[in-house]
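A.B. asks: Below: one structure in structure tokens.
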Amino acid sequence: MIFGGIKSMEKIYFIGINGIGMSGLAKIMKCKGYDVKGADICTNYVTEELLSMGIVVYNEHDEENVKGADYVIASTAIKESNPELSYAKNNGIEILKRGELLAKLLNRETGIAVAGTHGKTTTSSMLSAVMLSKDPTIVVGGILPEIKSNAKPGKSEYFIAEADESDNSFLFMNPKYAVITNIDADHLDVHGNLDNIKKSFIKFICHTQKEAIICLDCENLKEVVTRLPEEKTVTTYSIKDESANIFAKNIKIEDRKTIFELYINKELIGEFSLNIPGEHNIQNSLPVIYLAFKFGVSKEEIQEALNKFKGSKRRYDVLFDKELENGYGNKTKRVRIVDDYAHHPTEIKATLKAIKSIDTSRLVAIFQPHRYSRVHFLLDEFKDAFVNVDKVILLPIYAAGEKNEFNISSEELKEHINHNNVEVMNEWKDIKRYVSRVKKDSTYIFMGAGDISTLAHEIAEELEGMSE
């Protein structure tokens, strides 16, 4: 039985080991003394760290790789036809879902699980950064600059992790504390409708052993709170509703910093500031500060950590920010390239609003829609997602393994976006050419959960060459 004592270097095999969630667990299990191997057909920035830790990573799926494994870990994205998964089933190897393994780790500790349709990576990363002095175990869905990784084993009782609602795997968890940032319509191909998503979150909150910290700025969560059993301990937070237990007011922006006063149960705790823009990030910071105080982190430590926190990789990730000659009378232009994971309409709108609040330059959103099913189900919600930009460029939809059963395209999405300057560009070379010809100060934000980050990095590298 896993965690029943390591016997002769028990062997764990991860199918899809380079994924952001799978790789974090692989690192933790390696540090716990397990013999860890895995396979993934996609090589990325995570692979090098896994190899440096002595983890064997195969670049193809083959049943020979799995032979001798005591356990196989697979995410729900792995198809039943996968040869490694088939071999494990046919040979009696214990198979765990990624979410099951994460829950087994977290449930044994003072687990703090961060859930929500949007903001869970930023919130869990921010909490991890603020709690570093307490030496927590960390498993988050992005690369946290403070630890240069998405995972870190800790020696204390604290375990900070994201809770994934997309496939209901967060229902394996029984955390001591839970943070719920919001609920929105997403992954409808799995859940069917919004009410089913709410029911899943209610179950998750009921699994929480001590305290659930819930955002009242989300109307869906407000309703969920009314449907919870009376015996559940709930603490609320808000930047709009002063009845919340944790409340931020007197919000202002100075020198690209967001400053606010924090009140807990009507008592002024003090003034705090963030170096990442947007009201949604103030919301994200409120449960972080509250929990850090609860676990004994000083106000000075909290503020210092918040000042240093720049977000995790692919969350408002500035890749390039320099002045370049524009070729017209040797005048200079300031060009900023930003990489961001936002792919749901709500995330896109919040991110672009936040950038517009601190950036006066021309703003261009270059968006790669993610999954045919998501575009189909959320088509109407994309209508006002881009109201804060000067131009929208759409790439073809990133399939993420889906078949186009809905016969939908970026051209159709273009017709639903409420903006008079939307263009579809099918080739990366066209986008590179467009960015290189800019004549005025501009910020280009590359958005999506597919491979658009690679394009953003390529353009940033080319601009670096132009600036030398």
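From the backbone N, Cα and C atoms, a Cβ is placed for every residue, glycine too.
When I checked Swiss-Prot for this same protein, it listed these features:
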BINDING   GLY116, THR117, HIS118, GLY119, LYS120, THR121, THR122  ATP binding site
A.B. asks: Starting from the Cβ centroid of GLY116, THR117, HIS118, GLY119, LYS120, THR121, THR122, which together make up the recorded ATP site, report each further residue of the same chain whose Cβ lies within 8 Å of that point, ordered by sequence.
C.D. replies: VAL114, THR123, THR181, ASN182, ASN284, GLU347
A.B. asks: What does DSSP say about THR121 (ATP binding site): helix, strand or coil?
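C.D. replies: The three-state answer is helix.
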A.B. asks: Quiz question: given the binding-site residues HIS118, LYS120, which has the greatest number of C-beta atoms lying within 10 angstroms of its own C-beta?
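C.D. replies: When each Cβ's neighbours within 10 Å are tallied, LYS120 leads.
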A.B. asks: Who sits close to GLY119 (ATP binding site): which same-chain residues at least 6 apart have their Cβ under 8 Å from its Cβ?
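C.D. replies: Set apart from GLY119 (ATP binding site) by at least 6 residues yet with Cβ under 8 Å, we have THR181, ASN182, HIS280, GLN283, ASN284.
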A.B. asks: Within 10 Å of each Cβ, count the other Cβ atoms and name the one among the binding-site residues THR117, THR121, THR122 with the highest count.
C.D. replies: THR122
A.B. asks: Using DSSP and collapsing to three states, where does GLY116 (ATP binding site) fall: helix, strand or coil?
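C.D. replies: Once the DSSP labels are grouped into three classes, GLY116 (ATP binding site) ends up as coil.
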A.B. asks: By a simple count, how many Cβ atoms lie within 10 Å of the Cβ of GLY116 (ATP binding site), its own Cβ left out?
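C.D. replies: I count 25 other Cβ atoms within 10 Å of it.
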